[in-house]
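A short write-up of the structure that comes next.
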Amino acid sequence: MEDFVRQCFNPMIVELAEKAMKEYGEDPKIETNKFAAICTHLEVCFMYSDFHFIDERGESIIVESGDPNALLKHRFEIIEGRDRTMAWTVVNSICNTTGVEKPKFLPDLYDYKENRFIEIGVTRREVHIYYLEKANKIKSEKTHIHIFSFTGEEMATKADYTLDEESRARIKTRLFTIRQEMASRGLWDSFRQSERGEETIEERFEITGTMRRLADQSLPPNFSSLENFRAYVDGFEPNGCIEGKLSQMSKEVNARIDPFLRTTPRPLRLPEGPPCSQRSKFLLMDALKLSIEDPSHEGEGIPLYDAIKCMKTFFGWKEPNIVKPHERGINPNYLLAWKQVLAELQDIENEDKIPKTKNMKKTSQLKWALGENMAPEKLDFEDCKNVSDLKQYDSDEPEQRSLASWVQSEFNKACELTESSWIELDEIGEDVAPIEHIASMRRNYFTAEVSHCRATEYIMKGVYINTALLNASCAAMDDFQLIPMISKCRTKEGRRKTNLYGFIIKGRSHLRNDTDVVNFVSMEFSLTDPRLEPHKWEKYCVLEIGDMLLRTAIGQVLRPMFLYVRTNGTSKIKMKWGMEMRRCLLQSLQQIESMIEAESSVKEKDMTKEFFENKSETWPIGESPKGVEEGSIGKVCRTLLAKSVFNSLYASPQLEGFSAESRKLLLIVQALRDNLEPGTFDLGGLYEAIEECLINDPWVLLNASWFNSFLTHALK
């Protein structure tokens, strides 16, 4: 289409159209239909005015060639095609000299013979529909409207066609030719369907009563009334320089706009320091499950019953010992806590009837691990406001940490497929409305791509743990309740499976506010030796608790089984969000949908089936030091899901800040790639805002490192 436009229209028209699009931040290379429409409209405006003059007697005449010395004045003033400032200047000057009412919107022409502005319309739809839209938009009796269509129809205000038959026939013939040329190149259908209706701007409605008083109270200083403020705002030229706008606003502001070039941006500075450590609420790639297939035991579905059944599948328990102590904790207490869990589970089995929940004895090791009686005593402010040296605790700045390789490994693992399916087809939720076939189809394709993904396992594990912990926090506030960490899935053959990852012991939980903290101790099974990456496990005390027989390619091997124990905490609001982790599925489905939509609008048909079934096509997944990584559509689905899940698992103020601030830099870089010549002021301040979020959070550090890869490749 772009080539067609450049061949078909006069270069001056093409240049004007490009300028107009650039003024509104649109790209002629991308919005090619719009490009063609603007050129067509410009050409019709020029043809409308061509050869029409007013002679000395004030009569309208048509002169195609003739005496260059004749005293002729152009009958039409062309307003369309000028830049906005110039166009309004022309309109204002016409209004001042002729006394015609000033139009609300920029018209296309002024007719000196009839003394009226003219709005020209060129439509690919029905002329009367377009005429009504135009009339509705400009709502002015004074501006004359004249609409042409590509099928040779026309419509004008009061059927007054302004021009003679022959001049109008020239315009209609030209439009018909453009249509045929487009059709012969297969461009017409797309062009015809891409026409949008006129955007009508809401009429100003009168504000009265309370709203009026509130409006008057909330004006910026120095404005006496709402009208006076509106007039000021309307006086801003939409494309004046930013510097000008700023200087109008305040005498103190002085901004110098610096051009943003390919050489301008520098990489983000990542912090230095010891490598960052794992901070998720439960183990991810390092978790180990004890599982039962086709569970049918008595009390199946009751977490404690399921947990005991899973524990019984393992026979390699041994006397536990500490292999990686916690730097600052009392490590023997962690060891005693695990022994206590084993002993109390044994006690349950010796009882006649297994209880549905288990509250642990409040031993000294658990009291220590759960921070019992550790909180400083709270005093009423009235009682202590007279204390002379009352002060807030000094809190240390968080220690800076560097990015460690384990974070990328965790992410890669989250994108992988597992042997089991973690969600049923309807997990994303049926739509309430009688959903069209397409949406269900998309959902089913997407579910098929992600149901076996490890990120989906993390979702279900997170939902289970948070739900169980929130329930126990409300139901057993004072008890140290033992909560098994469980998930359910289906094997390749479709058999049900229940998995136990370990246990949580919850501390006292009188949670009044959303942010009140409940402490818990987590104990999770793993085959990962903590001594390989000790920095990752800084917050854990790790015990060796057994040996597991594993089937490998070379036969059976005996591997030590570890227990990762740590004290942790969460709050009502965090548990509420944890329970809603299934939203990650929805978020990534919507991202995939927008990709399908983009593809479908180019091809002008629904591309869902081709999108998911064309296995040969690859899609961009992300940036790495090697360049843009590509993969199958399934890989894209799983990567988007993993990102969404990690945003939930590693949610933090650092992530919020980094996402918001880095997005600004991203948009500037994208504008540069789209040749929009962006300018910036205080780029240093933006870098500062981004980098103050890079402290010690593993997920934020990984995202920053990805951002740097993106910068490198985007600016090549």
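Cβ atoms are placed via backbone N, Cα and C, with glycine included.
In Swiss-Prot this protein carries:
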BINDING   HIS41, ASP108, GLU119, ILE120  Mn(2+) 1 binding site
BINDING   GLU80, ASP108  Mn(2+) 2 binding site
MOTIF     124-139  motif 'Nuclear localization signal 1 (NLS1)'
MOTIF     184-247  motif 'Nuclear localization signal 2 (NLS2)'
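Across the structure, HIS41 (Mn(2+) 1 binding site) and GLU80 (Mn(2+) 2 binding site) place their CA atoms 9 angstrom apart. Cβ neighbours of GLU119 (Mn(2+) 1 binding site) (same chain, under 8 Å, six or more residues apart in sequence): PHE105, PRO107, ASP108, LYS134, ILE138, THR143, HIS144, ILE145, HIS146. Listed in sequence order, the residues VAL44, CYS45, GLU80, PRO107, LEU109, ILE118, GLY121, VAL122, HIS146 complete the 8 Å Cβ shell around the Mn(2+) 1 site centroid, once HIS41, ASP108, GLU119, ILE120 themselves are left out.
Broken down by DSSP into helix, strand and coil, the motif 'Nuclear localization signal 1 (NLS1)' (124-139) contains 12 helix, 0 strand, 4 coil. Counting only same-chain residues at least 6 apart in sequence, those with a Cβ under 8 Å from the Cβ of GLU80 (Mn(2+) 2 binding site) are HIS41, LEU42, CYS45, ALA87, LEU106, ASP108, LEU109, ILE120. Cβ-based neighbour count (10 Å, all protein chains) for ILE120 (Mn(2+) 1 binding site) stands at 21. For ASP108 (Mn(2+) 1 binding site), the Cβ neighbour count at a 10 Å cut-off comes to 24, with all displayed protein chains included. In the shown protein chains, 20 other C-beta atoms lie within 10 A of the C-beta of HIS41 (Mn(2+) 1 binding site). Taken together, the residues in the motif 'Nuclear localization signal 2 (NLS2)' (184-247) have a mean pLDDT of 71 on the 0 to 100 scale.
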